[in-house]
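Engineer: Dumping what Swiss-Prot says about this protein:
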- 44, 193: substrate binding site (BINDING)
- 120, 166: ATP binding site (BINDING)
């Protein structure tokens with residue numbers, strides 16, 4: 001199996017898809033900007049009265065449960081059902097699933113009632129949703145007991161989706177194919193919003209793609225590669241975050257193809 005990451009980025013930058021976000025208040029601006037940086041267009045509509053109309057214009061729908069409310073959950077379900085009817089891929093970032101009952105039950109409800117194309121979360125979130133011993137502290141992973149690839153496959157089997165587990169090595173699998181991505185830099189974990197931005201990129205790459213393993217691997221490799229490049233010229237968290245967005249904006253298909261560190265199992 002081979003993955004054509006360069007073509008995935010070229011397709012994105014050619015199509016410039018609209019990516020509809022229903023996301024959290026902490027990182028909404030970061031998500032909008034990183035979507036623009038990669039070459040897509042963001043829209044952050046979450047009023048239940050308009051989300052179905054907005055999804056009809058979009059190439060992908062990103063659902064992020066970082067700052068949940070009853071109204072937002074309702075909007076996610078309405079938008080998700082519309083996306084399923086229109087075959088628009090749905091990306092779920094189950095931020096903090098396992099930390100509180102609301103987050104855990106909401107993530108499971110979205111996975112049960114919607115056909116989610118990609119679930120992207122940290123080890124604790126993915127482990128918890130897969131029924132393994134995933135541990136979450138606030139919205140951050142506090143560890144995972146068990147083999148991470150097996151845990152990801154368990155979640156794939158439960159909900160018929162592609163699963164991406166972020167970490168020092170990112171894992172992407174649809175149950176049959178397993179891709180490991182070794183791009184990234186430790187500084188990505190010490191500024192807020194990078195996990196949410198990765199989910200936004202996953203949505204941007206997913207728009208119009210029929211291969212969610214390839215599109216998700218391309219998104220995470222692109223973001224990790226940008227993080228490596230940003231770390232070389234940043235001297236602190238703030239300059240790193242700015243440099244990270246600049247490096248995402250500077251990515252080209254040849255640069256991604258040359259710099260991606262992927263292993264296929």
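These residue numbers are counts, starting from 1, taken along the chain as shown.
Just so you know, glycine gets a Cβ as well, placed from its N, Cα and C.
Just so it is clear, the model here is predicted, and its values are computed rather than measured.
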Engineer: Please report the distance from the Cα of residue 44 (substrate binding site) to the Cα of residue 166 (ATP binding site), rounded to the nearest angstrom.
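Structural biologist: Their Cα atoms are separated by 24 Å.
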Engineer: Measuring Cα to Cα, how many Å separate residue 166 (ATP binding site) from residue 193 (substrate binding site)?
Structural biologist: 13
Engineer: Mind giving me a neighbour count for residue 193 (substrate binding site)? Other Cβ atoms within 10 Å of its Cβ, every protein chain shown.
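Structural biologist: Residue 193 (substrate binding site): 21 neighbouring Cβ atoms within 10 Å.
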Engineer: For residue 120 (ATP binding site), which residues of its chain lie six or more apart in sequence with Cβ-Cβ distance below 8 Å?
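Structural biologist: Non-local contacts for residue 120 (ATP binding site): 91, 92, 93, 163, 164, 166, 198, 199, 202, 216.
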Engineer: State which of the following binding-site residues has the fewest other Cβ atoms within 10 Å around its Cβ: 44, 166.
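Structural biologist: Each of the binding-site residues 44, 166 was scored; lowest Cβ tally within 10 Å is 44.
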Engineer: Return one of helix, strand or coil for residue 166 (ATP binding site), based on DSSP.
Structural biologist: strand
